[in-house]
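**Q** Below: one structure in structure tokens.
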Amino acid sequence: MTLSPDPSTAPAPSRQNASFPPSNQAPMANARAAAEPESKSLFDESPEDSDAVKEDEFKEGGYGWVVVFGVWLVNMHTWGLISSYAIFLAYYLRSGSIIGASPLFFAFIGGLSTSMALLVSPLATYSIKTLGTRITLFIGAVFEAGSFIGASFSTHAWQLLLSQGVCFGLGMGFCFTATVGIVPQWFTKRRSFANALATGGSGFGGLTYALGANAMIANLGLEWAFRILAITCFTVNGCVSLIIKDRNKAVGAKHIAFHKDLFFQPEYWLFVGWGFFGIIGYIIVVFSIADFALQAGFTSNQASLASAMFNLSQALGRPAIGLLSDRLGKMNVAGIGTLIASVVAFFLWIFAGKYFAGLIIYALFGAVAGIIWPCVGPVGAEVVGIQLLPAALSLYWIGLVFPATFAEVIGLSLKREMIGAGVYLNVQVFTGFMFFASFLSMWLLRSWKLRQMEYLGLYEKGQEAAIHNVAVIHPSEESKHEVSSTRRQQNIVVSYITNMFVMKRL
């Protein structure tokens, strides 16, 4: 049950109007803080040239669909490119072209580029606040293109570390942070669908560049494969920086690099936990699937096809996830999707993955393995509200730096010393457990939301009665205190577990 057509945009009741348990007071503080006037300075909002659209110009969708297409292209040429690292990893592990590098080092490179993209998010957030969305996106395009140029000349491990690891991560971080919060600003009723449609670009990018990188390496060599990628991503991301528009001023978005109040919200830590465990499983799968195929005895073309099917599943599945989220509830879909990712890792990947047809079927479940990407924005808006979403995501990405850095390192270290698909058994089991832990975090977060809605419901009846001029018997202050004390004495853990089995659209 929701209190408005889109609870992520509805202001929460003030403390004077409702009584909340301690765990629910922080969201109310956010709403109060958002309502209080603040002193303005040069850094309080995006600059005038950031192309923020006024509220009276806003229409559901409208130019937002152009923004969706632009963000789709950015995701295709950022996260789509990092998804193709599975092809580069498989090449590195067998070519010996980089001096002084070990298999774990190559795994670390893939994780480092992802973690750098997340780690730079506070700096990119500050850049959006001071320079604007377009300039921030263009800075990312320059870093990203420079990383591929540098990688094309790399012959030693430290050179690859700085280029394909650090520099690419910086570029992807600036591009991603500049665009991740824009799409939800343009939509209310179809927010999840539009956001998922935009994130689907990473799937198409992974599909395109998984096949393209393999062909370019085979026909042109590694060096020219990198240079072609540099030209492509700079052209596309640079063009998008010219057409992208935000609504930061209109929605009152707060681009705060470190919003310390979020650390005191238990529900925010559950939100981070969902991503923490989920990204470990996701990175292991996306970086390992090509090498797993080779270990199982398949050809390099079959390995690249499996990786491509994984990315195709994300490209087609993410819009479907968005539609389901709008109809069935954002947290419901995020939680159930993560649970499905755990189940297919335990059963399909382990038992059917040794056969090529079975591996392709598992790859087609890639959408649920990467469900964090289409759902993180809409779910985050449910937790902290649309105004605090940029600040919340800034800290959220910092929380994912550690798992993103070491996920593939952990995965490769768990490989067994043997020949055949069984070499990945420990990795598969570990991945399944990570997805299950992610599911538990999301389902507990859903329980928190249900508990919050129960308290809001106590006052919703009074509001409805006032609208219909129905007399309402208001409880005395003493009875209010008794009810509040009784509820506080309830076992919170039992309440959360009970709510895990309540079926509601949420």
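Including glycine, each Cβ sits where the backbone N, Cα and C put it.
Sharing the features that TrEMBL gives for it:
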- 14-25: compositional bias 'Polar residues' (COMPBIAS)
- 1-54: region 'Disordered' (REGION)
- 63-92: transmembrane segment (TRANSMEM)
- 104-123: transmembrane segment (TRANSMEM)
- 135-155: transmembrane segment (TRANSMEM)
- 161-183: transmembrane segment (TRANSMEM)
- 195-218: transmembrane segment (TRANSMEM)
- 224-244: transmembrane segment (TRANSMEM)
- 268-290: transmembrane segment (TRANSMEM)
- 333-351: transmembrane segment (TRANSMEM)
- 357-376: transmembrane segment (TRANSMEM)
- 388-411: transmembrane segment (TRANSMEM)
- 423-445: transmembrane segment (TRANSMEM)
**Q** Tell me if the transmembrane segment (333-351) touches the transmembrane segment (63-92). I count contact as 3 or more CB pairs below 8 A, with pairs 6 or more residues apart.
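**A** Between the transmembrane segment (63-92) and the transmembrane segment (333-351), contact is absent.
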**Q** Please tell me whether the transmembrane segment (388-411) and the transmembrane segment (224-244) touch - that is, whether there are at least 3 C-beta pairs under 8 Å between them, with each pair 6 or more apart in sequence.
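**A** No, since the transmembrane segment (388-411) and the transmembrane segment (224-244) share fewer than 3 Cβ pairs closer than 8 Å, they do not count as touching.
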**Q** Mind checking which residues reach the transmembrane segment (268-290)? Cβ under 8 Å, same chain, six or more beyond either end.
**A** 26, 83, 85-87, 89-90, 107, 110-111, 114, 206, 210, 262, 303-304, 306-307, 310, 334, 338, 341-342, 345, 359, 363, 366, 369-372, 376, 379-380, 383-384, 392, 396, 399-400, 403-404, 407-408, 410-412, 424, 427, 430-432, 434-435, 437-438, 441-442, 444-445, 448
**Q** Where else in the chain does the transmembrane segment (224-244) make close Cβ contacts, counting only residues six or more beyond its ends and a cut-off under 8 Å?
**A** 51, 66-67, 70-71, 73-74, 76-78, 81, 133-135, 137-138, 140-142, 144-149, 151-152, 175, 178-179, 182, 209, 213, 216-217
**Q** Count the CB pairs under 8 A between the transmembrane segment (333-351) and each of 135-155, 161-183, 423-445, then give me the winner.
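**A** Per the Cβ under 8 Å count, 423-445.
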